[in-house]
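Report on one structure; see the data block that follows.
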Ligand code: CBY
C-alpha cells in the first residue's frame, strides 16, 4: 500500500486518492466513495420524462451495482414503453443504449430484448447508417458516437455484423471523428470501446475474421488512443464531459493508468469538478460514474458490483432542497447575435442574473421575432437548437447551429450555460 497523498486544490478540497490496486483501472478508493454521492443523487432524483433518455442512467446504475429496485423497475418500464412507441424513429445509438441498459448485469429484462428482437433491429439500424454514408458523401444518419455505440452493442450481444465490411469505416482518418477539424474525444473513446470488444471477439474466435482484420483493428485502436491522450489538459481528456468515457477507453486498451500519478491527476480534477456541480445533468453524471468506479461498458455481461457498492451509498430519494434567497433579482445585460454566413443580426438583451443561453435567445426572440425566432428539440443534454430563422440543422449536410461566447465555442448546451454580464453570445450557422 502506498502512503496517502493529500492534494489541496485551491484550498477547498483535501483528497487522499489511493488507487485500490496497481492495474490499468483508475478508480476512486473505498474511503472516497462519498465524494460520488452527488452523482448518484443527481441520477436518482432526476425527473425521467423521456424513456429512452433514461437508458444511460439505468445502464450506469446497474453497471456500478447501485441497487434500488423501485427505481430500476420504473426506469425499465419507461424504456420499454418508449421503445415500443417510438420504434421506427429511434436512432441506432438510442437503441444500443436500450439494449445495453436492459441487458446489463444478467437480469430478467433480457426477455424483452429477445421478444422484441432488439438486437436484429439494431443490426438493421446499423446497416441504414452505413447505407446513408454511401449515398450522402460519407455522412451517417446520426454520427460516429452512435455508430460506435451500435457496433459495441452488436459485439457484446453477439449480433450479426461483418467485420471485414465494418472495420474500414472506423479508420481514424474518417472525417466523422472530427467536428470542425477537431478530434471529437467522446466519439474516439466510444470507438475504442467498440473496437476493443471486436478485437477481443476475434481473439476468442467468437467471430469470423482474418489476420488483416485483427491487425487493422489493433492499429486503429492505438491511433485513436493516442489522439485521446493528445487531447489531455490537467488530467482531463477533451473536456470534463468526455473524460469518463475516455477513461473507460484507456482502461481497456492502454497502460496509461499503470502510472499512479496519471490516475491521481485525473481523479483529482474530476472529484473537484463534482464538488463544483459540473455534473448536474443526470446524463453527465451517468457518463462519468462507471469509470470512477472502475467499470467500463465492456463489463455489462459480467458481475456488476464495485468498490463503493452496494451499501456505501446513502441514497436519498427526496428532491434536493434548493434555497432561494429572498432578495429582489438583479439583472445583467448581454450582447446576442445570430450569424448566417456574412450576415449578422445583433442586439442587446437584459436578463436575470443566473440566466442560461436559452433565456437570452428567448428574450431576443421576444424583441424581434423575424431576426431571432428559433426552435429547439429535447436531447439528453437538454434543449438542442435545431433551427434559427427557420434554417434547420441537417446531418446529411453536416450543418448545425453552433453556440459561442466571445468568439469561443461553448462546451455546454443552451439550457446549461449560465451567461455573464457584458458577454458577447452568438449562434452561428456552421458546418462540422
Ligand atoms: N449521443 C449523441 O449522438 C451525441 C454525440 C456527441 C459526440 C456528444 C457531444 C457526446 C456525448 N457524450 O453524448 C455530440 N455532441 C455530437 C455528435 C454533436 C453533433 C450532433 C449532430 C449529429 N451529427 O448527430 C454536433 C452538431 C456536432 C454537436 N454535437 C453540436 C453541439 C452543440 C449544440 C448546439 C445546439 N445547436 O444546440 C454544442 C453546444 C457545441 C457548441 N458550442 O455549439 C455541443 N454539441 C456540446 C457542448 C456537446 C457536449 C454537451 C456538454 C454539456 N454539458 O451540455 C457533449 C457531451 C455533446 C453532447 N455535445 Co455535441 C460533448 C462534450 O463537450 N464532451 C448519443 C445519443 C443516443 O444520445
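Every residue gets a Cβ built from N, Cα and C, even glycine.
Small disclaimer: the values here were computed from a predicted structure and weren't measured.
The signal peptide feature in TrEMBL is assigned to 1-23. Positions annotated as disulfide bond by TrEMBL: 26-263, 155-197. Annotation source TrEMBL lists cyanocob(III)alamin binding site at 142-146, 186, 239, 287, 384-385, 401-403, 410, 432. Residues or ranges marked as domain 'Transcobalamin-like C-terminal' by TrEMBL: 354-430.
Shown here: features listed in TrEMBL, placed on the structure.
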residue : record                           : contacts (Cβ under 8 Å, 6+ apart)
142     : cyanocob(III)alamin binding site : 91, 92, 93, 129, 395
144     : cyanocob(III)alamin binding site : 174, 176, 177, 184, 187, 190, 191
146     : cyanocob(III)alamin binding site : 91, 92, 93, 94, 96, 129, 140
155     : disulfide bond                   : 161, 194, 197, 198, 201
384     : cyanocob(III)alamin binding site : 376, 377, 378, 413, 414
401     : cyanocob(III)alamin binding site : 374, 385, 386, 387, 388, 393, 427, 428, 429, 430
403     : cyanocob(III)alamin binding site : 357, 385, 409, 410, 413, 414, 417, 425, 426, 427
432     : cyanocob(III)alamin binding site : 178, 179, 180, 398, 399, 400
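Listed recorded positions: 26, 144, 155, 197, 263, 403. Those with a CB atom under 6 Å from ligand 1: 403. For the pair residue 263 (disulfide bond) and residue 239 (cyanocob(III)alamin binding site), the Cα-Cα distance reads 16 Å. In the predicted model, residues of the domain 'Transcobalamin-like C-terminal' (354-430) average a pLDDT of 97. Secondary structure at residue 155 (disulfide bond), taken from DSSP and collapsed to helix, strand or coil, is helix.
Secondary structure at residue 146 (cyanocob(III)alamin binding site), as computed by DSSP, is helix. Taking the Cα atom of each, residue 26 (disulfide bond) and residue 239 (cyanocob(III)alamin binding site) are about 18 angstrom apart. The DSSP secondary structure for residue 384 (cyanocob(III)alamin binding site) is strand.
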